[in-house]
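What follows is a short report on a single structure.
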């Protein structure tokens, strides 16, 4: 029985879930590939009879990058209404309920498949990152119900249904004699999007927050080394980070401590176990373990269930073996969350904890269990008319119950880059859509690093004005803790306001007796903003942390519009009100 598993993944989680479904399907008698949407010819979907879709939602209800082309194909009006009437499908969505368009990509996909005549074999699954168990809170039971449903429909033997073989592996790993040069260029390692990579020289890497401030925010200026590179306001730059030397050294010290028969110099060739399993570009050529540990494996990642599964394969210690097996079961998910999610434990720390299991690791296990580094996206903070591509990056570092601070992989990699170094990145379209009529007013709300994309559009509009175009009012609401500590782009905003080019309203929350946030400044300027919105069709843009700010800002706009929530809903639908937020 052929079962196709297709995934749309932005950070790797949807891919991980899809591959687990694929692994569980093999012992049940199914065969067929697990592929990203971009690796599958969507015109062949009409020939398929059974497909499982695993789809993440990104940003403001947007489908992942590796699904965009497939989604455009499915939306073609030329597709006959019953073109997929022979298809049975199941759809699992991965989303975050703190965003207004929760699991929007999966909901849209499921609805479109039904419109094209396909039949759903089980209810749409909607995973929620806000759940205490993360996506596992839904995905584990949904997958179990999927197999029960397929058993009933297709007549799978009950003995097979509960016999999912946990040893199904993706890769065959062959050790090679001698050392291997790094043949593949670093910009091709593990990229998930098949787009052109550009080279940049780092011209400046400056801390923008005061040394006494709790957060280190970096302003990076990148000079393009490509012959031609352009971007639009709101676009993002994808960067492929590398593990720190400290993390790499800790990893190999662990291998040496257990006297494993491989080390930094060990070279391997990685091949797919099944012909329909795509090989990541990172493994397209032979690679040494030090190259894998530095550039390919995410050593700072929070381990998923598959990691514990594989780690326990050769473990002879009864206590460790039982605990690893528990972590892979639905019954012990509370223990897994308490051990991994809450303290944000890294996979290196897990290897240190499970010493007996680590002491029996094989090369094959390593390549099977290690997650690949995923690209990170940052809003571009400058217009293409400027001399550099600029980024504003908050360095992620925080404490949990563990002694060692938790560090964000990419932001800490960027923090330590020296000027003059070359980095590679991919410029991608952002989610923000701007009015083509330059005279339409723009109202921009960007507390903290959310201000980054608005610097880009302001530069773009002012550049157009310098060339003779008439532009509309540019109104900015910026918030931070202290004017002296974390006022990003202070020189730019002070110069623009002095020359009366931009109208800026500040909310320095810790500089007042009473905390003042951007929503308070919106209320304070309500009459003026309502005129821009109602009389001049102003567009509203909100960027920043997704916790409480977007909801509070939306409520403020509803209040200044005399409580017309329906009008704000209409603006959201027409994309006159847009949000770009992150957790």
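Keep in mind that glycine also has a Cβ here, set from the backbone N, Cα and C atoms.
Residues or ranges marked as FMN binding site by TrEMBL: 9-14, 56-59, 94-103, 129. Sequence annotations record features per position, and here TrEMBL assigns FAD binding site to 344, 376, 377, 378, 379, 408, 409, 410, 411, 582. As annotated by TrEMBL, NADP(+) binding site applies to 449, 509, 510, 515, 516, 517, 518, 519. Annotation comment: TrEMBL describes 3-147 as domain 'Flavodoxin-like'. Annotation comment: TrEMBL describes 195-435 as domain 'FAD-binding FR-type'.
Cβ neighbour counts within 10 Å, taken over all protein chains shown, single out 9 as the most crowded of the binding-site residues 9, 377, 411, 509. Counting only the Cα atoms, the space from residue 509 (NADP(+) binding site) to residue 379 (FAD binding site) is about 24 angstrom. Ranking the binding-site residues 99, 102, 517 by how many Cβ atoms sit within 10 Å of each one's Cβ puts 99 at the top. Figure note: comparing Cβ neighbours within 10 Å for the binding-site residues 379, 519, the maximum is reached by 379. The distance from the Cα of residue 99 (FMN binding site) to the Cα of residue 411 (FAD binding site) comes to 23 Å. Taking the C-alpha positions, the distance from residue 96 (FMN binding site) to residue 449 (NADP(+) binding site) comes to 21 Å. A straight line from the CA of residue 515 (NADP(+) binding site) to the CA of residue 9 (FMN binding site) spans 39 Å.
Residues 344, 376, 377, 378, 379, 408, 409, 410, 411, 582, recorded as contacting FAD, have a largest CA-CA distance of 26 Å.
Remark: of the binding-site residues 56, 409, 516, 518, the most isolated position is 516 (fewest other Cβ atoms within 10 Å of its Cβ). Here the CA atom of residue 409 (FAD binding site) lies 19 Å from the CA atom of residue 9 (FMN binding site). Checking the binding-site residues (12, 102, 516, 517, 518, 519) against residue 377 (FAD binding site) with a 10 Å Cα-Cα cut-off leaves nothing.
Looking only at the binding-site residues 12, 59, 449, 516, 519, the one with its C-alpha closest to residue 409 (FAD binding site) is 12.
The two recorded residues, residue 379 (FAD binding site) and residue 518 (NADP(+) binding site), have Cα atoms 20 Å apart. The DSSP breakdown of the domain 'Flavodoxin-like' (3-147) into helical (H, G, I), extended (E, B) and coil residues amounts to 59 helix, 32 strand, 54 coil. In sequence order, 302, 400, 402, 406 are the residues near residue 344 (FAD binding site), counting only same-chain partners six or more apart with C-beta under 8 A.
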